[in-house]
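Peer 1: What TrEMBL shows for this protein is this:
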type	residues	note
DOMAIN	53-231	domain 'Alanine racemase N-terminal'
MOD_RES	LYS43	N6-(pyridoxal phosphate)lysine
Amino acid sequence: MTDRSARRDELGHALRALDDRVDAACRDAGRRRDDVHVVVVTKYFPRSDVDLLLELGVRDLGENKAQEAQAKLVDEGALPADVRVHFVGQLQSNKAALVAGFADVVHSVDRPKIVRALAKGAGEGHDLTALIQVDLDGEDPGRGGAAPGAVIELGDQVVESGLRLGGVMAVAPRGADPAEAFARLQDLSARLREAHPEAKIVSAGMSSDLEQAIAHGATHLRVGSAILGSRESHR
Ligand SMILES: *Cc1c(COP(=O)(O)O)cnc(C)c1O
């Protein structure tokens, strides 16, 4: 067996195992499986893995660094037209135009300056969806995100800018109970939807906490290592 076909089998098994986990979590939570989408986060992994994932039917890809994403998903060859690219990493305003050029959904919009830079980069007629990243960890603001109290106003600014407001995103704080954090995110999502009913996306849950995220209304899981393996050897 070639390396390529061995890796294809490995990724195929991992995708099926993940699907079983998501199925079980949806059943436990009394949710429809169709309402939960998996974004496969391919950061640090090579384009050859992206191509295998595409062969295996994956259509939502996530990346967290602008230059890496541009190189891997654009410069190394165009992706099929039905693939959606999700940018999930912290975003500098000077990289916003680059990201607006390849992303369909930006999960990490957390301040007015980023809203303006993305809107400018996207230009007229470009369909870019913005999620408001919420900082659920007042202790460690290093990972980005808007303060919970700023989410509604930022949502208004997204709509005024001409970007499409998709919803909210968060990462569970380190060392905290993810269920408690995702419950707060679910609450904020409900409040945002009172003002913007179309903002239905709740991007929450990674390899280690996707069950808790599904229990608390996640519509989009961002999953890396559970599918691709450990990133340690790829850094
Ligand atoms: C890397 C990353 C993920 C995926 O994390 P895993 O634990 O590997 O599933 C999810 N969200 C963001 C923002 C990431 O940077």
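Note: Cβ is positioned from N, Cα and C throughout, glycine not excepted.
Nobody curates TrEMBL annotations by hand; they come from automatic prediction.
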Peer 1: List the same-chain residues at least 6 positions away in sequence whose Cβ sits under 8 Å from the Cβ of LYS43 (N6-(pyridoxal phosphate)lysine), in sequence order, or say none.
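Peer 2: GLY62, GLU63, ASN64, LYS65, GLU68, GLY89, GLY224, ARG231 - these are the non-local Cβ neighbours of LYS43 (N6-(pyridoxal phosphate)lysine), listed in sequence order.
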Peer 1: Quick one: mean pLDDT on the domain 'Alanine racemase N-terminal' (53-231)?
Peer 2: 96
